[in-house]
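Record features, source Swiss-Prot:
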type	residues	note
TOPO_DOM	1-393	topological domain 'Cytoplasmic'
TRANSMEM	394-412	transmembrane segment
TRANSMEM	415-431	transmembrane segment
TOPO_DOM	432-445	topological domain 'Cytoplasmic'
TRANSMEM	446-475	transmembrane segment
TOPO_DOM	476-549	topological domain 'Vacuolar'
TRANSMEM	550-569	transmembrane segment
TOPO_DOM	570-587	topological domain 'Cytoplasmic'
TRANSMEM	588-608	transmembrane segment
TOPO_DOM	609-651	topological domain 'Vacuolar'
TRANSMEM	652-671	transmembrane segment
TOPO_DOM	672-739	topological domain 'Cytoplasmic'
MOD_RES	Ser695	phosphoserine
MOD_RES	Ser700	phosphoserine
TRANSMEM	740-764	transmembrane segment
TOPO_DOM	765-785	topological domain 'Vacuolar'
TRANSMEM	786-824	transmembrane segment
TOPO_DOM	825-854	topological domain 'Cytoplasmic'
Amino acid sequence: MGSLFRSETMCLAQLFLQSGTAYECLSVLGEKGLVEFRDLNQNVSSFQRKFVGEVKRCEELERILAYLVQEINRADIPLPEGDTSPPAPPLKQVLEMQEQLQKLEVELREVTKNKEKLRKNLLELIEYTHMLRVTKTFVKRNVEFEPTYEEFPPLENESLLDYSCMQRLGAKLGFVSGLINQGKVEAFEKMLWRVCKGYTIVTYAELDEPLEDPETGEVIKWYVFLISFWGEQIGHKVKKICDCYHCHVYPYPNTAEERREIQEGLNTRIQDLYTVLHKTEDYLRQVLCKAAESVYSRVIQVKKMKAIYHMLNMCSFDVTNKCLIAEVWCPEADLHELRRALEEGSRESGGTIPSFMNTIPTKETPPTLIRTNKFTEGFQNIVDAYGVGSYQEVNPALFTIITFPFLFAVMFGDFGHGFVMFLFALLLVLNENHPRLNQSQEIMRMFFNGRYILLLMGLFSVYTGLIYNDCFSKSVNLFGSRWNVSAMYSSSHSPEEQRKMVLWNDSIVRHHSVLQLDPSVPGVFRGPYPFGIDPIWNLATNRLTFLNSFKMKMSVILGITHMTFGVILGIFNHLHFRKKFNICLVSIPELLFMLCIFGYLIFMIIYKWLVYSAETSRTAPSILIEFISMFLFLASDTGGLYPGQEHVQRLLLLITVLSVPVLFLGKPLFLLWLHRGRSCFGVGRSGYTLVRKDSEEEVSLLGGQDIEEGNNQMEDGCREVTCEEFDFGEILMTQIIHSIEYCLGCISNTASYLRLWALSLAHAQLSEVLWAMLMHVGLRVDTAYGVLVLLPVIAFFAVLTIFILLIMEGLSAFLHAIRLHWVEFQNKFYVGAGTKFVPFSFRLLSSKFSDDLA
């Protein structure tokens, strides 16, 4: 848990890898995921690095594997995924694996090419068969003829499509037949008419069934056409037009006998092609099935091998070119494991000289590593979305685990809605190992990754719903109301009590639609409800007034407490980075400013709750009036909340006023004094460095007289940038801006926490409206068919509840809770200017086969 409170302590290590063992050592490091490599060749182009040839080889293997997977998927062969990830292949097996894959690719491409050629021929023959069958009915040929030229005979009794008649017209007759796409028929016919000027006769017929296109493989509707034309020039034009419209043109037989012979030959060839094609497909499937057994492991191995060579390209060679030098960031807790990994890699490679490491001092800021598990990962992602934490600063995710779902539940508080959300999240948690959940769509995967956040959000919503006594907009009477209506009747009191108090009788009850319970009447109010809000408030006409007052005060208390806690966490940062002057000159004035104004407001709210009861509530002073009078230095007309209130309030205002100049000028003046004081001891300006720690700029002395900080810059994780001179103006302006932002932020952020009240009220009112418009109407149906009406009403109510109150309202409360943490809470102590620790780990490669192919 200490790691979750603050990031891991990191160190910079130098690895000395022998050339013969570097590959195996990085393979072991990739399996363990211990270190993050630094690029020592930033000025070298990626095409000029040492292992660029090996990287290209891996890319070629990836291309081959992608082709194999494409063919396997096309054949509908299942791709098995291994339960365990295979290790990176040894170097001596890489060439063998490359030869096997290349040989398999060549064989597959050849078989696939032959298969496609056979399939195309088969489809063309099938089209030819259909064309012959359909065109047989187009025209009649009474006798076989040869084209000749004759005189023009009379045409009164001749059929237009009789070929003997056409022959006698004195022109040379030709035919073009084939198939055309259904969508191109009209344009095709218009083009023929315009180009051929009417010297063609086109006849169409639609095929009964769609056929597969031999070129594209798409199944479409086809039209069979037969074009009769006169003259060779017209024939050339017709053929060119057919080519432009991608028509499938086939030879047209001149005689019925020729048609019969062609048809018989086509049937024989089609049967032969079917037989050959089936055998080819069977052989291809056998090859693909055999390849599918090992393709998963090959893909993982190639990806690991490529990652290793990318890391090797980030290393530099020594002067002898026999040793690779790498610089890595490593958690100090994993240094022993790092040494063991290097020893294991050297042993597996069989090298005589082992690889080794040593730590080196550095003044650079290390990356941030916060170890998480499946429960804390979601909350850490919420924090990292704002900004990765600076090195070694307090991590808000530890507290977000509780505060985030709690603030969400304050806005979403409903026992019924929270219980439904809890059940949904619990279902995801119990089935978290189900493979379909990890491979689901993006929205469902988002819910799955945040299942523990949803679980706590639902659980806290149940808790706040019990406090609000709100279950689907209705109150639950678990312990019995503590308000007694019968005690308000005059018959239950003595005559003396009746004269002193306003009591009820039958006449008052009949003539007044609204009656008020007086808690000062004995027996009316019997103490507070054991847990949550009394259910009788659900019947009161002033229910909203009471709930608004309660939720508004609760929001203010929670908000100020949340922000004060953030300022206190900043003190832990200053202590850790040895900036103790920041505690006295920044954190304490901020706390005094916050507590003397807004902390006192919380005190007045709680004091009024404790001192004034229901019986004395009429004499209680208004907190709003008292708080305004505090700043106007006005005396209270009601005598105040407690004796000596004016003196206490003036003291608090005095402390608030005095804390502002300290907050504005304290830190810059102290740094100026520190700078001049150290200069008097003989340390020049060059003895100072400007330490950029997150977004702050502080000046510290690095000379031998530095007693407090000494040489702890490495421990503090500060990025040091040498500065030529001490710029007091820049430091002063930075601190003034920060102070103004904080003082104004205390007011605006406190008002921002009122969204807890606003969204809680909106959720409750929307839930109440939904109940009144649906369930209230459905439950009042008292006819014999009431059940039949109620069932669809309940179903519609459930659907609207899920989509509106759970999803839409839940998303709204979720976003507002994120806003409260990012802006109002984290800006009090969290800088978030770090870089995330990204280790060289094979686990970061996708474990799902479908993603590996992308």
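Yeah, the Cβs are placed from backbone N, Cα and C, and that goes for glycine too.
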Query - Criterion met for the transmembrane segment (550-569) and the transmembrane segment (786-824) (at least three Cβ pairs under 8 Å) - result: yes
Report summary line: Counted with DSSP (H/G/I as helix, E/B as strand, rest coil), the topological domain 'Vacuolar' (476-549) has 29 helix, 4 strand, 41 coil
Query - Tally of DSSP helical, extended and coil residues in the topological domain 'Vacuolar' (765-785) - result: 15 helix, 0 strand, 6 coil
**Report entry** the topological domain 'Cytoplasmic' (570-587), counted residue by residue under DSSP: helix, strand, coil
**Finding:** 15 helix, 0 strand, 3 coil
**Report entry** Long-range neighbours of the topological domain 'Vacuolar' (609-651), counting only residues six or more past its ends (CB under 8 A)
**Finding:** 519-520, 525, 600-601
Query raised in the report: the topological domain 'Vacuolar' (765-785): which same-chain residues, six or more beyond its ends, come within Cβ distance under 8 Å?
Result: 414, 417, 470, 472-474, 793-794, 796-797, 800-801, 804-805, 809
Report task. Summarise the topological domain 'Vacuolar' (609-651) by DSSP state, stating how many residues are helix, strand and coil. Result -> 23 helix, 0 strand, 20 coil
